[in-house]
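Asks: Submitted below is the structure of interest, expressed as structure tokens.
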């Protein structure tokens, strides 16, 4: 008897459970955080309108053709289900027709001579003489409107009659569902978690994002008509629709489709616009009395579970259990909850001594109305269980762990951390210390402790003191702890602790950004990085620690702490100036204009305060040495520009060219990538700021701040860092401290295959370990940096913001790490796919992707 757990109690999960429960022999358990009767912004189904408006183009219309008859039957014969017939009125605006605006006309709903004219009952085009001003053409047909709270409760009742068990639970990892089958082995888990798939362990689908829908529910009757228009003048993320729910459920006025917006609070300004638009389109709602005659029951907000590239429909093994993914429907959950009864693919679940049983799960449309697909489970009589060879099972387990899809994935980072503790201890014990700058640091500190405060008079064995004041204070502490620098072993041990502390912070940042475990080994494998910390004791180690602490604080939205940590790092070494533009953008977008200005002043004040003893003595000398921008570099020490030759390297023309390129590439990143969450151009941002005003309204600032995610923050700051390193006048070996821990993240973030990520990392590591540098090694250094910059710029162009929707660890894509590793080892995930559907890739026609989502009924 197949034992099935359905994860999620929205319309998709409940319909799956009902269809499965109708099949003899199936045992079904629904596990969910939210159940019908709950109202939570992330529990989308109760907030939906919902009705049937065919959105697909004809080539993708099969699922709607097969779904409509079931909803029609329920409306006609099962009144307690909460469906009733209404007249849908589709209005095509003249300006949308003439402009060819894809946001309107790519919807199959608004196409002239639509394919659904032979599907929907009573279809007719309205005479032009009856159309209101601004409407090019219109059609009407019979549809249904669903009282969603009633319908969800009806689904629960139908499931309960068939023995479905309901269990509330909050799962941290999808693997936990395999233990929720009533004490028996679970054969299949159906993942209908909706927006929860974004953060569910083992899934962590980075392509999931909310599409905020705001509605107003009123007591006014729409008179049996459900009008909707092809667009509106209030913005591309605002739409117009009206639907009157059955059984006295009120009339839903909509709406919005705000991608990436997590705000669960109703915006009264948007609500006013919704009501005004609806009354203009359908004045019968108030009998011609205007907005004032609307009798509001409530305002509501729901977050549609949208997904870049469409719905995810496929199956895979996670931790030894079959998982069928069924999420990402945006606003199409109700229209896609029934469908094709034909089984295009089968999933074998072999258990001995059982008769064949087939159970249709669902036909799920894409959020970009894609092709229909039924997923059937087949249990076949057999003498014994059939399993892949043991080596394939082992490889699958390893891949599952590496991509974050197994409970053991959580142990990767701690295990690597402990391994690095032993590695650092082994290096300190076995590898001889190398003197480069330590004695010079100690000599300079001795002069400081003797009372010298003029930076121009403080020198060491390698030259003058050229680091800001925080460096002096930190190494003063080390001077005292290590007996004036003579206890080298203790210094190495202290730097070993410093290294491990920095690694812990880096791993925390990676975890908050959702980086899969397979990238973590690269954090501990760098020979050069260990050398910089525990064999050289460079001051860059402290600057790097402060940088990563600042990133972690920013990821936690601790803007003041992050700004303070960043400026302390800058007080150690001016190399952190490279990321200042990104830090400024992060603070502006995340904290707001006023707070960003205040924090900028605080950062400047900190620099002044720590430098007071030196500024009092010789301000020009301090600034000229600590923040010297015209420093001349020796060709023999360069790691990155050896290949240009000794004649070109010191030339002013070369320096000016690098500065120009650095400025230009930074400008490109700022304007085309980092400012994406603002939804404004650079000019629109700068003009009000020059007048001392915020470029955002309070509502805009809240929306922008929500897009400043941990991933956005980390990507912006680290990409600014590698852009700066790419065009640096000269890189010395200790500069690798700023690059080593950034590289695995940026390579993962670029979206290239894991093998390519490891190959580029290895090439970079090799180049930085060649001493002295050669033309070949320096070419590799610059080449890998250039590749990373190009990849991260290109990849972030396909997402709505740098922190938004990007491929992470997703088995639905053949280019994803999971599928690549699986195919690399010769395994097969047995993914169910319609031959005409590329379920894991964005549709080639925008008609099938972006627009239908805008019409979702919430």
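Cβ coordinates are placed from backbone N, Cα and C, and glycine is handled just like the others.
All TrEMBL annotations are machine predictions without curation.
Pulled from TrEMBL, these are the listed features:
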- 1-21: signal peptide (SIGNAL)
- 4-340: domain 'FAD dependent oxidoreductase' (DOMAIN)
- 408-429: transmembrane segment (TRANSMEM)
- 494-513: transmembrane segment (TRANSMEM)
- 533-552: transmembrane segment (TRANSMEM)
- 564-589: transmembrane segment (TRANSMEM)
- 654-675: transmembrane segment (TRANSMEM)
- 712-728: transmembrane segment (TRANSMEM)
- 776-793: transmembrane segment (TRANSMEM)
- 834-858: region 'Disordered' (REGION)
- 841-858: compositional bias 'Low complexity' (COMPBIAS)
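Distances, neighbours, how buried they are, the whole picture for these features please.
Replies: Non-local neighbours of the signal peptide (1-21) in the same chain are 27-32, 34-36, 43-45, 48, 148, 151-152, 155-156, 158-159, 162-164, 166, 171, 174, 177-178, 180-182, 184-194, 196, 326-327, 329, 333-334, 336-338, 349, 351, 354, 357, 359-362, 364, 377, 379; each lies 6+ residues outside the stretch with a CB under 8 Å from one of its CB atoms.
Over the domain 'FAD dependent oxidoreductase' (4-340), the average per-residue pLDDT in this prediction is 89.
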Asks: What stretch in 494-513, 533-552, 654-675, 712-728 has the biggest tally of Cβ pairs under 8 Å against the transmembrane segment (564-589)?
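Replies: Comparing 494-513, 533-552, 654-675, 712-728: 533-552 has the most Cβ pairs near the transmembrane segment (564-589).
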Asks: Name the range, of those listed as 494-513, 533-552, 712-728, that has the largest tally of Cβ pairs under 8 Å with the transmembrane segment (776-793).
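Replies: Maximum Cβ contact count belongs to 712-728.
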Asks: So, taking each listed stretch (494-513, 533-552, 654-675) in turn and counting its Cβ pairs to the transmembrane segment (712-728) that are under 8 angstroms, which one gives the highest count?
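Replies: Per the Cβ under 8 Å count, 654-675.
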Asks: Grab the same-chain neighbours of the transmembrane segment (494-513) for me: Cβ-Cβ under 8 Å, and only residues 6 or more beyond its ends, written as numbers and ranges.
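Replies: Cβ under 8 Å, 6 or more out: 413, 416-417, 420-421, 424-425, 428, 478, 481-482, 519-520, 523-524, 530, 533-534, 537, 541-542, 544-545, 548-549, 551-552, 555-556, 710-711, 714-715, 741, 744-745.
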